[in-house]
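Over in TrEMBL, the protein carries these features:
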TRANSMEM  34-61  transmembrane segment
DOMAIN    37-464  domain 'Major facilitator superfamily (MFS) profile'
TRANSMEM  81-103  transmembrane segment
TRANSMEM  110-127  transmembrane segment
TRANSMEM  133-157  transmembrane segment
TRANSMEM  178-195  transmembrane segment
TRANSMEM  201-219  transmembrane segment
TRANSMEM  287-305  transmembrane segment
TRANSMEM  325-344  transmembrane segment
TRANSMEM  351-369  transmembrane segment
TRANSMEM  375-397  transmembrane segment
TRANSMEM  409-434  transmembrane segment
TRANSMEM  440-459  transmembrane segment
Amino acid sequence: MSAALGPVDSALPGVQSAEMIAARLDRLPACKSLWRFVMLLALGGFFETFEMFSTSFVIPGMVRSGVLVATTEGFFALNGAAAYIAATFIGLFIGTLGFGMIADKFGRRAVFTYALIGYASCSLIMACQTDPLWLNFWRLMTAIGLGIEVIAIDAYLSELVPPTLRGRAFAINRIMSYLAVPACGITSFIFVPYEPLGVDGWRWVIAIGAVGSIVVWIMRRKLPESPRWLADKGRLAEADAEVRQMELAVEKETGQSLAPAVPSVEGLVEHKSRFSEMWGPRYRNRTIMLVIFHVFQAMGIYGFLNWVPTFLIEQGVTVSKSLAYSVAMGLSAPLGPVLAMLFADRVERKWQIVFGAVLIGVAGTAFAVFRVPALVIACGALLTMGTTILSVGYHAYQSELYPTRIRGMAVGFVYSMGRLGGSVSGFMIAFAMGHFGVQAALFSVAACMAICASSVALLGPLTGGRTLEEIND
(Lines of atoms letter the chains of each structure in order from A and count residues from 1; the text may use other names and numbers.)
(Lines give C-alpha, C1' and ligand atoms only; values in the text may rest on other atoms or scores of the structure.)
Protein backbone atom coordinates (compact mmCIF):
# COMPACT_ATOMS: atom_id res chain seq x y z
CA MET A 1 0.00 0.00 0.00
CA SER A 2 2.76 2.42 0.92
CA ALA A 3 4.58 1.79 -2.36
CA ALA A 4 1.50 2.76 -4.32
CA LEU A 5 1.31 6.04 -2.46
CA GLY A 6 4.96 6.91 -2.84
CA PRO A 7 4.59 9.88 -5.19
CA VAL A 8 1.77 11.28 -3.11
CA ASP A 9 3.73 10.94 0.12
CA SER A 10 6.60 12.84 -1.48
CA ALA A 11 4.41 15.91 -1.76
CA LEU A 12 3.19 16.44 1.78
CA PRO A 13 1.22 19.62 2.58
CA GLY A 14 4.05 20.84 4.77
CA VAL A 15 6.46 21.02 1.83
CA GLN A 16 3.87 21.88 -0.80
CA SER A 17 4.25 24.75 -3.28
CA ALA A 18 2.54 26.02 -6.42
CA GLU A 19 5.48 24.69 -8.46
CA MET A 20 5.08 21.21 -6.95
CA ILE A 21 1.31 21.20 -7.57
CA ALA A 22 1.95 22.07 -11.23
CA ALA A 23 4.66 19.39 -11.53
CA ARG A 24 2.39 16.73 -10.04
CA LEU A 25 -0.35 17.58 -12.54
CA ASP A 26 2.04 17.69 -15.50
CA ARG A 27 3.41 14.18 -14.91
CA LEU A 28 -0.03 12.50 -14.90
CA PRO A 29 -0.34 9.96 -17.75
CA ALA A 30 -3.16 9.57 -20.26
CA CYS A 31 -5.82 7.49 -18.51
CA LYS A 32 -9.58 7.09 -18.12
CA SER A 33 -9.70 9.28 -15.02
CA LEU A 34 -8.19 12.25 -16.84
CA TRP A 35 -10.25 11.77 -20.00
CA ARG A 36 -13.40 11.56 -17.87
CA PHE A 37 -12.81 15.15 -16.74
CA VAL A 38 -12.23 16.19 -20.35
CA MET A 39 -15.45 14.52 -21.52
CA LEU A 40 -17.56 16.16 -18.80
CA LEU A 41 -16.25 19.53 -19.91
CA ALA A 42 -16.80 18.61 -23.55
CA LEU A 43 -20.46 17.75 -22.94
CA GLY A 44 -21.00 21.33 -21.86
CA GLY A 45 -19.17 22.46 -24.98
CA PHE A 46 -21.66 20.50 -27.09
CA PHE A 47 -24.61 22.56 -25.90
CA GLU A 48 -22.65 25.83 -25.92
CA THR A 49 -21.93 25.23 -29.61
CA PHE A 50 -25.52 24.12 -30.21
CA GLU A 51 -26.63 27.46 -28.77
CA MET A 52 -24.12 29.46 -30.81
CA PHE A 53 -24.72 27.72 -34.14
CA SER A 54 -28.48 27.80 -33.72
CA THR A 55 -28.20 31.46 -34.77
CA SER A 56 -27.89 30.73 -38.48
CA PHE A 57 -30.42 27.90 -38.41
CA VAL A 58 -33.22 29.68 -36.53
CA ILE A 59 -33.02 33.06 -38.30
CA PRO A 60 -34.93 31.81 -41.39
CA GLY A 61 -37.64 30.55 -39.02
CA MET A 62 -37.74 33.85 -37.15
CA VAL A 63 -38.10 35.67 -40.47
CA ARG A 64 -40.79 33.23 -41.61
CA SER A 65 -42.78 33.75 -38.39
CA GLY A 66 -42.54 37.53 -38.72
CA VAL A 67 -40.48 38.18 -35.58
CA LEU A 68 -37.49 39.38 -37.65
CA VAL A 69 -36.78 40.47 -41.24
CA ALA A 70 -33.76 39.37 -43.30
CA THR A 71 -32.59 42.83 -44.43
CA THR A 72 -33.51 46.38 -43.43
CA GLU A 73 -33.26 49.82 -44.98
CA GLY A 74 -31.22 51.21 -42.07
CA PHE A 75 -27.82 49.90 -40.97
CA PHE A 76 -29.11 49.37 -37.40
CA ALA A 77 -32.65 48.06 -36.94
CA LEU A 78 -33.91 45.99 -34.00
CA ASN A 79 -36.25 43.91 -36.13
CA GLY A 80 -33.48 42.80 -38.51
CA ALA A 81 -31.65 39.47 -38.43
CA ALA A 82 -28.42 41.44 -38.07
CA ALA A 83 -29.65 42.82 -34.72
CA TYR A 84 -30.14 39.29 -33.39
CA ILE A 85 -26.62 38.38 -34.49
CA ALA A 86 -25.29 41.60 -32.95
CA ALA A 87 -27.05 40.85 -29.64
CA THR A 88 -25.27 37.48 -29.60
CA PHE A 89 -21.82 38.97 -30.06
CA ILE A 90 -22.34 41.98 -27.80
CA GLY A 91 -23.42 39.55 -25.08
CA LEU A 92 -20.33 37.43 -25.67
CA PHE A 93 -18.24 40.61 -25.56
CA ILE A 94 -19.71 41.62 -22.20
CA GLY A 95 -19.38 38.09 -20.83
CA THR A 96 -15.77 37.60 -21.86
CA LEU A 97 -14.49 41.12 -21.15
CA GLY A 98 -16.56 42.11 -18.14
CA PHE A 99 -16.61 38.75 -16.41
CA GLY A 100 -13.50 36.92 -17.65
CA MET A 101 -11.62 38.20 -14.62
CA ILE A 102 -14.07 36.62 -12.18
CA ALA A 103 -12.74 33.19 -13.16
CA ASP A 104 -9.37 34.40 -11.81
CA LYS A 105 -10.98 35.70 -8.64
CA PHE A 106 -13.60 33.09 -7.73
CA GLY A 107 -12.31 29.95 -9.44
CA ARG A 108 -12.82 28.12 -12.72
CA ARG A 109 -15.34 25.55 -11.50
CA ALA A 110 -17.56 27.98 -9.61
CA VAL A 111 -17.79 30.32 -12.57
CA PHE A 112 -18.52 27.77 -15.31
CA THR A 113 -21.09 26.06 -13.07
CA TYR A 114 -23.18 29.19 -12.47
CA ALA A 115 -22.66 30.52 -16.00
CA LEU A 116 -24.08 27.31 -17.50
CA ILE A 117 -27.33 27.33 -15.53
CA GLY A 118 -27.63 31.09 -16.07
CA TYR A 119 -27.43 31.05 -19.86
CA ALA A 120 -29.71 27.99 -20.12
CA SER A 121 -32.41 29.79 -18.11
CA CYS A 122 -32.13 32.95 -20.22
CA SER A 123 -32.34 30.89 -23.40
CA LEU A 124 -35.59 29.28 -22.27
CA ILE A 125 -37.06 32.73 -21.59
CA MET A 126 -35.88 33.93 -25.02
CA ALA A 127 -37.72 31.07 -26.72
CA CYS A 128 -41.00 32.52 -25.44
CA GLN A 129 -40.56 36.05 -26.86
CA THR A 130 -42.63 37.54 -29.69
CA ASP A 131 -41.28 41.10 -29.71
CA PRO A 132 -37.91 41.81 -31.43
CA LEU A 133 -36.76 44.05 -28.56
CA TRP A 134 -37.24 41.39 -25.88
CA LEU A 135 -36.03 38.63 -28.18
CA ASN A 136 -32.74 40.47 -28.62
CA PHE A 137 -32.53 41.38 -24.92
CA TRP A 138 -32.77 37.76 -23.78
CA ARG A 139 -30.39 36.71 -26.56
CA LEU A 140 -27.96 39.26 -25.13
CA MET A 141 -28.35 37.80 -21.62
CA THR A 142 -27.90 34.24 -22.93
CA ALA A 143 -24.72 35.25 -24.75
CA ILE A 144 -23.28 36.90 -21.62
CA GLY A 145 -23.52 33.54 -19.86
CA LEU A 146 -21.99 31.77 -22.85
CA GLY A 147 -19.05 34.19 -22.84
CA ILE A 148 -18.35 33.60 -19.16
CA GLU A 149 -18.56 29.82 -19.61
CA VAL A 150 -16.15 29.66 -22.55
CA ILE A 151 -13.36 31.54 -20.76
CA ALA A 152 -13.63 29.53 -17.55
CA ILE A 153 -13.64 26.20 -19.43
CA ASP A 154 -10.58 27.03 -21.56
CA ALA A 155 -8.61 28.12 -18.48
CA TYR A 156 -9.69 25.03 -16.53
CA LEU A 157 -8.77 22.59 -19.29
CA SER A 158 -5.34 24.13 -19.94
CA GLU A 159 -4.50 24.00 -16.22
CA LEU A 160 -5.70 20.46 -15.63
CA VAL A 161 -4.19 18.57 -18.58
CA PRO A 162 -0.42 17.79 -18.91
CA PRO A 163 1.42 19.55 -21.77
CA THR A 164 1.95 16.28 -23.69
CA LEU A 165 -1.82 15.73 -23.82
CA ARG A 166 -3.12 19.32 -23.98
CA GLY A 167 -3.56 19.45 -27.75
CA ARG A 168 -5.51 16.19 -27.84
CA ALA A 169 -7.62 17.24 -24.86
CA PHE A 170 -8.68 20.43 -26.63
CA ALA A 171 -9.27 18.41 -29.82
CA ILE A 172 -11.61 16.04 -27.95
CA ASN A 173 -13.35 19.03 -26.40
CA ARG A 174 -13.88 20.55 -29.84
CA ILE A 175 -14.97 17.22 -31.40
CA MET A 176 -17.80 17.04 -28.89
CA SER A 177 -18.54 20.72 -29.37
CA TYR A 178 -18.73 20.49 -33.14
CA LEU A 179 -20.88 17.39 -33.12
CA ALA A 180 -23.46 19.99 -32.10
CA VAL A 181 -23.28 21.63 -35.53
CA PRO A 182 -24.90 18.77 -37.49
CA ALA A 183 -27.08 18.01 -34.46
CA CYS A 184 -28.37 21.58 -34.44
CA GLY A 185 -28.77 21.50 -38.21
CA ILE A 186 -30.78 18.27 -38.16
CA THR A 187 -32.91 19.53 -35.27
CA SER A 188 -33.56 22.75 -37.17
CA PHE A 189 -34.35 20.85 -40.38
CA ILE A 190 -36.96 18.86 -38.45
CA PHE A 191 -38.52 21.78 -36.56
CA VAL A 192 -37.84 25.19 -38.15
CA PRO A 193 -39.99 24.90 -41.33
CA TYR A 194 -42.98 23.72 -39.26
CA GLU A 195 -45.08 24.53 -36.19
CA PRO A 196 -45.20 21.40 -33.99
CA LEU A 197 -48.16 21.62 -31.57
CA GLY A 198 -48.86 25.10 -32.93
CA VAL A 199 -45.51 26.49 -31.72
CA ASP A 200 -42.95 28.02 -34.12
CA GLY A 201 -40.26 25.46 -34.93
CA TRP A 202 -37.37 27.78 -34.08
CA ARG A 203 -38.66 28.01 -30.50
CA TRP A 204 -38.39 24.24 -30.15
CA VAL A 205 -34.77 24.35 -31.32
CA ILE A 206 -33.84 26.97 -28.70
CA ALA A 207 -35.69 25.10 -25.92
CA ILE A 208 -34.05 21.75 -26.75
CA GLY A 209 -30.57 23.29 -26.46
CA ALA A 210 -31.41 24.96 -23.15
CA VAL A 211 -32.82 21.80 -21.57
CA GLY A 212 -29.75 19.84 -22.67
CA SER A 213 -27.51 22.41 -20.97
CA ILE A 214 -29.40 21.97 -17.70
CA VAL A 215 -28.82 18.19 -17.86
CA VAL A 216 -25.07 18.77 -18.33
CA TRP A 217 -25.06 21.21 -15.40
CA ILE A 218 -26.35 18.39 -13.17
CA MET A 219 -23.67 15.99 -14.48
CA ARG A 220 -20.76 18.43 -14.02
CA ARG A 221 -21.39 19.49 -10.43
CA LYS A 222 -18.82 17.01 -9.04
CA LEU A 223 -15.88 18.29 -11.08
CA PRO A 224 -13.02 19.51 -8.83
CA GLU A 225 -11.69 23.05 -8.74
CA SER A 226 -8.50 23.71 -10.72
CA PRO A 227 -5.55 22.74 -8.45
CA ARG A 228 -3.33 25.26 -10.25
CA TRP A 229 -5.81 28.04 -9.48
CA LEU A 230 -6.07 26.96 -5.83
CA ALA A 231 -2.27 26.91 -5.51
CA ASP A 232 -1.95 30.31 -7.18
CA LYS A 233 -4.36 31.70 -4.57
CA GLY A 234 -2.28 30.24 -1.72
CA ARG A 235 -4.84 27.52 -0.95
CA LEU A 236 -2.17 24.83 -1.07
CA ALA A 237 -3.87 22.33 1.24
CA GLU A 238 -6.97 22.29 -0.97
CA ALA A 239 -4.85 22.03 -4.12
CA ASP A 240 -2.90 19.16 -2.57
CA ALA A 241 -6.12 17.34 -1.67
CA GLU A 242 -7.49 17.67 -5.22
CA VAL A 243 -4.25 16.41 -6.79
CA ARG A 244 -4.05 13.54 -4.28
CA GLN A 245 -7.49 12.36 -5.39
CA MET A 246 -6.40 12.46 -9.03
CA GLU A 247 -3.12 10.65 -8.29
CA LEU A 248 -4.86 7.92 -6.31
CA ALA A 249 -7.40 7.40 -9.12
CA VAL A 250 -4.61 7.14 -11.70
CA GLU A 251 -2.56 4.69 -9.60
CA LYS A 252 -5.62 2.56 -8.91
CA GLU A 253 -6.42 2.46 -12.62
CA THR A 254 -2.88 1.74 -13.85
CA GLY A 255 -1.70 -0.39 -10.91
CA GLN A 256 1.63 1.48 -10.93
CA SER A 257 3.25 4.19 -8.85
CA LEU A 258 3.60 7.60 -10.44
CA ALA A 259 7.07 8.98 -11.08
CA PRO A 260 8.33 11.58 -8.57
CA ALA A 261 7.20 15.11 -9.42
CA VAL A 262 10.02 17.48 -10.38
CA PRO A 263 9.12 21.18 -10.70
CA SER A 264 10.18 22.53 -14.10
CA VAL A 265 10.60 26.09 -12.84
CA GLU A 266 12.34 26.82 -9.56
CA GLY A 267 11.61 29.69 -7.26
CA LEU A 268 8.91 31.47 -9.23
CA VAL A 269 8.55 35.14 -8.35
CA GLU A 270 5.10 35.99 -7.00
CA HIS A 271 3.14 38.59 -8.93
CA LYS A 272 -0.09 40.37 -8.20
CA SER A 273 -2.70 39.85 -10.89
CA ARG A 274 -3.05 43.09 -12.87
CA PHE A 275 -4.59 44.03 -16.21
CA SER A 276 -1.45 46.00 -17.08
CA GLU A 277 0.67 42.82 -16.93
CA MET A 278 -0.73 41.55 -20.22
CA TRP A 279 0.60 44.74 -21.85
CA GLY A 280 4.06 44.41 -20.26
CA PRO A 281 7.20 43.51 -22.25
CA ARG A 282 6.74 39.74 -21.90
CA TYR A 283 3.10 39.52 -23.01
CA ARG A 284 2.54 42.64 -25.17
CA ASN A 285 3.14 41.02 -28.57
CA ARG A 286 1.02 38.03 -27.59
CA THR A 287 -1.86 40.29 -26.62
CA ILE A 288 -1.63 42.39 -29.80
CA MET A 289 -1.46 39.24 -31.93
CA LEU A 290 -4.50 37.67 -30.25
CA VAL A 291 -6.57 40.87 -30.45
CA ILE A 292 -5.95 41.15 -34.21
CA PHE A 293 -6.60 37.45 -34.67
CA HIS A 294 -9.86 37.40 -32.71
CA VAL A 295 -11.37 40.50 -34.29
CA PHE A 296 -10.87 39.25 -37.83
CA GLN A 297 -11.52 35.54 -37.25
CA ALA A 298 -14.90 36.40 -35.69
CA MET A 299 -15.78 38.78 -38.52
CA GLY A 300 -14.79 36.18 -41.12
CA ILE A 301 -16.05 32.95 -39.58
CA TYR A 302 -19.34 34.21 -38.21
CA GLY A 303 -19.79 36.42 -41.23
CA PHE A 304 -20.09 33.14 -43.10
CA LEU A 305 -21.59 30.65 -40.64
CA ASN A 306 -24.38 32.88 -39.34
CA TRP A 307 -25.49 33.71 -42.85
CA VAL A 308 -25.17 30.43 -44.80
CA PRO A 309 -28.92 29.68 -45.05
CA THR A 310 -29.63 33.34 -45.80
CA PHE A 311 -26.93 33.43 -48.52
CA LEU A 312 -28.58 30.45 -50.18
CA ILE A 313 -32.11 31.85 -49.84
CA GLU A 314 -31.00 35.14 -51.40
CA GLN A 315 -29.76 33.11 -54.38
CA GLY A 316 -33.18 31.52 -54.86
CA VAL A 317 -32.89 28.38 -52.71
CA THR A 318 -35.99 27.54 -50.64
CA VAL A 319 -35.91 27.64 -46.82
CA SER A 320 -36.10 23.83 -46.56
CA LYS A 321 -33.34 23.30 -49.13
CA SER A 322 -31.13 25.99 -47.59
CA LEU A 323 -31.37 24.23 -44.23
CA ALA A 324 -30.65 20.87 -45.91
CA TYR A 325 -27.54 22.34 -47.57
CA SER A 326 -26.45 23.82 -44.24
CA VAL A 327 -26.88 20.46 -42.50
CA ALA A 328 -24.76 18.79 -45.19
CA MET A 329 -22.02 21.36 -44.67
CA GLY A 330 -22.31 21.05 -40.90
CA LEU A 331 -21.67 17.30 -41.03
CA SER A 332 -18.01 18.11 -41.70
CA ALA A 333 -17.65 20.14 -38.49
CA PRO A 334 -16.55 17.25 -36.20
CA LEU A 335 -14.05 16.05 -38.83
CA GLY A 336 -11.78 19.06 -38.23
CA PRO A 337 -11.06 18.20 -34.58
CA VAL A 338 -10.76 14.49 -35.47
CA LEU A 339 -8.03 15.35 -37.97
CA ALA A 340 -6.50 17.77 -35.47
CA MET A 341 -6.06 14.93 -32.96
CA LEU A 342 -3.52 13.39 -35.35
CA PHE A 343 -1.21 16.41 -35.13
CA ALA A 344 -2.48 18.45 -32.15
CA ASP A 345 0.57 17.62 -29.99
CA ARG A 346 3.03 17.15 -32.89
CA VAL A 347 2.64 20.34 -34.93
CA GLU A 348 3.15 23.76 -33.35
CA ARG A 349 -0.16 25.31 -32.35
CA LYS A 350 0.45 28.53 -34.31
CA TRP A 351 0.86 26.65 -37.59
CA GLN A 352 -2.35 24.71 -36.98
CA ILE A 353 -4.11 28.07 -36.66
CA VAL A 354 -2.50 29.47 -39.82
CA PHE A 355 -3.49 26.36 -41.79
CA GLY A 356 -7.10 26.63 -40.61
CA ALA A 357 -7.30 30.33 -41.54
CA VAL A 358 -5.90 29.73 -45.03
CA LEU A 359 -8.32 26.85 -45.63
CA ILE A 360 -11.27 29.06 -44.64
CA GLY A 361 -10.14 31.86 -46.95
CA VAL A 362 -9.68 29.59 -49.97
CA ALA A 363 -12.96 27.70 -49.41
CA GLY A 364 -14.88 30.94 -48.84
CA THR A 365 -13.62 32.36 -52.14
CA ALA A 366 -14.59 29.16 -53.98
CA PHE A 367 -18.04 29.18 -52.31
CA ALA A 368 -18.63 32.62 -53.83
CA VAL A 369 -17.69 31.47 -57.33
CA PHE A 370 -19.34 28.05 -57.73
CA ARG A 371 -23.03 27.54 -58.56
CA VAL A 372 -23.30 23.74 -58.87
CA PRO A 373 -24.99 22.49 -55.64
CA ALA A 374 -22.47 19.67 -55.04
CA LEU A 375 -19.52 22.07 -55.36
CA VAL A 376 -21.20 24.68 -53.17
CA ILE A 377 -21.79 22.08 -50.45
CA ALA A 378 -18.21 20.78 -50.79
CA CYS A 379 -16.76 24.29 -50.41
CA GLY A 380 -19.02 24.98 -47.45
CA ALA A 381 -17.94 21.70 -45.86
CA LEU A 382 -14.24 22.53 -46.33
CA LEU A 383 -14.78 25.98 -44.88
CA THR A 384 -16.61 24.51 -41.88
CA MET A 385 -13.79 21.99 -41.37
CA GLY A 386 -11.29 24.84 -41.50
CA THR A 387 -13.14 26.72 -38.76
CA THR A 388 -13.05 23.70 -36.46
CA ILE A 389 -9.33 23.06 -37.04
CA LEU A 390 -8.74 26.74 -36.30
CA SER A 391 -10.86 26.48 -33.16
CA VAL A 392 -8.93 23.51 -31.76
CA GLY A 393 -5.69 25.41 -32.25
CA TYR A 394 -6.62 28.78 -30.83
CA HIS A 395 -8.59 27.55 -27.80
CA ALA A 396 -5.49 25.65 -26.64
CA TYR A 397 -3.04 28.32 -27.80
CA GLN A 398 -4.54 31.40 -26.17
CA SER A 399 -4.80 29.66 -22.79
CA GLU A 400 -1.11 28.70 -22.95
CA LEU A 401 0.13 32.24 -23.56
CA TYR A 402 -0.64 33.71 -20.11
CA PRO A 403 0.18 32.65 -16.52
CA THR A 404 -2.46 31.27 -14.14
CA ARG A 405 -2.78 34.53 -12.19
CA ILE A 406 -4.12 36.46 -15.22
CA ARG A 407 -5.23 33.66 -17.55
CA GLY A 408 -8.97 34.20 -17.20
CA MET A 409 -8.68 37.99 -17.40
CA ALA A 410 -6.26 38.03 -20.35
CA VAL A 411 -8.01 35.35 -22.40
CA GLY A 412 -11.33 36.99 -21.58
CA PHE A 413 -10.06 40.32 -22.89
CA VAL A 414 -8.64 39.07 -26.20
CA TYR A 415 -11.63 36.78 -26.76
CA SER A 416 -14.00 39.69 -26.12
CA MET A 417 -12.37 41.66 -28.92
CA GLY A 418 -13.45 38.91 -31.28
CA ARG A 419 -17.01 39.04 -30.00
CA LEU A 420 -16.98 42.79 -30.64
CA GLY A 421 -15.79 42.10 -34.18
CA GLY A 422 -18.47 39.44 -34.53
CA SER A 423 -21.17 41.92 -33.51
CA VAL A 424 -20.15 44.13 -36.44
CA SER A 425 -19.96 41.20 -38.88
CA GLY A 426 -23.73 40.82 -39.09
CA PHE A 427 -24.22 44.43 -40.16
CA MET A 428 -21.19 44.23 -42.47
CA ILE A 429 -22.49 41.14 -44.27
CA ALA A 430 -26.06 42.48 -44.46
CA PHE A 431 -24.81 45.78 -45.93
CA ALA A 432 -22.46 44.10 -48.43
CA MET A 433 -25.08 41.58 -49.49
CA GLY A 434 -27.80 44.22 -49.83
CA HIS A 435 -25.69 46.63 -51.91
CA PHE A 436 -23.10 44.48 -53.72
CA GLY A 437 -24.41 40.92 -53.63
CA VAL A 438 -23.50 37.64 -51.96
CA GLN A 439 -20.11 37.40 -53.70
CA ALA A 440 -18.87 40.65 -52.14
CA ALA A 441 -19.89 39.43 -48.69
CA LEU A 442 -17.99 36.17 -49.18
CA PHE A 443 -14.85 37.86 -50.52
CA SER A 444 -14.77 39.94 -47.32
CA VAL A 445 -14.66 36.67 -45.35
CA ALA A 446 -11.52 35.61 -47.25
CA ALA A 447 -9.85 38.98 -46.60
CA CYS A 448 -10.50 38.66 -42.86
CA MET A 449 -8.90 35.22 -42.75
CA ALA A 450 -5.79 36.47 -44.58
CA ILE A 451 -5.28 39.03 -41.80
CA CYS A 452 -5.77 36.29 -39.16
CA ALA A 453 -3.15 34.01 -40.70
CA SER A 454 -0.64 36.83 -41.06
CA SER A 455 -0.95 38.03 -37.45
CA VAL A 456 -0.35 34.57 -35.95
CA ALA A 457 2.44 33.66 -38.39
CA LEU A 458 4.36 36.88 -37.69
CA LEU A 459 3.75 37.44 -33.96
CA GLY A 460 2.79 34.08 -32.43
CA PRO A 461 5.35 32.38 -30.13
CA LEU A 462 6.06 28.63 -30.09
CA THR A 463 4.53 26.54 -27.27
CA GLY A 464 4.81 22.89 -28.34
CA GLY A 465 5.56 20.37 -25.58
CA ARG A 466 6.27 23.02 -22.93
CA THR A 467 4.60 23.38 -19.53
CA LEU A 468 2.52 26.47 -18.79
CA GLU A 469 5.19 27.62 -16.34
CA GLU A 470 7.98 27.29 -18.93
CA ILE A 471 5.96 29.30 -21.45
CA ASN A 472 5.05 32.12 -19.08
CA ASP A 473 7.51 32.51 -16.19
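Backbone N, Cα and C atoms are what each Cβ position is placed from, and that goes for glycine too.
Residues belonging to the domain 'Major facilitator superfamily (MFS) profile' (37-464) score a mean pLDDT of 86 in the model. Segment contact holds for the transmembrane segment (325-344) and the transmembrane segment (178-195), given three or more CB pairs below 8 angstroms at sequence separation of 6 or more.
For the transmembrane segment (440-459), the list of distant contacts is 285-286, 288-289, 292-293, 296-297, 299-301, 303-304, 307, 311, 350, 353-354, 357-358, 360-362, 364-365, 367-368, 428-429, 432-433: same-chain residues at least six beyond its ends, Cβ to Cβ under 8 Å.
Between the transmembrane segment (178-195) and the stretches 34-61, 81-103, 201-219, 409-434, Cβ pairs under 8 Å are most numerous for 34-61. For the transmembrane segment (287-305), the neighbouring stretch richest in Cβ pairs under 8 Å, chosen from 81-103, 201-219, 409-434, is 409-434. Ranked by Cβ pairs under 8 Å to the transmembrane segment (351-369), the stretches 133-157, 201-219, 375-397 are led by 375-397. Touching of the transmembrane segment (201-219) and the transmembrane segment (409-434) is ruled out by the presence of fewer than three CB pairs under 8 A, sequence neighbours closer than 6 excluded.
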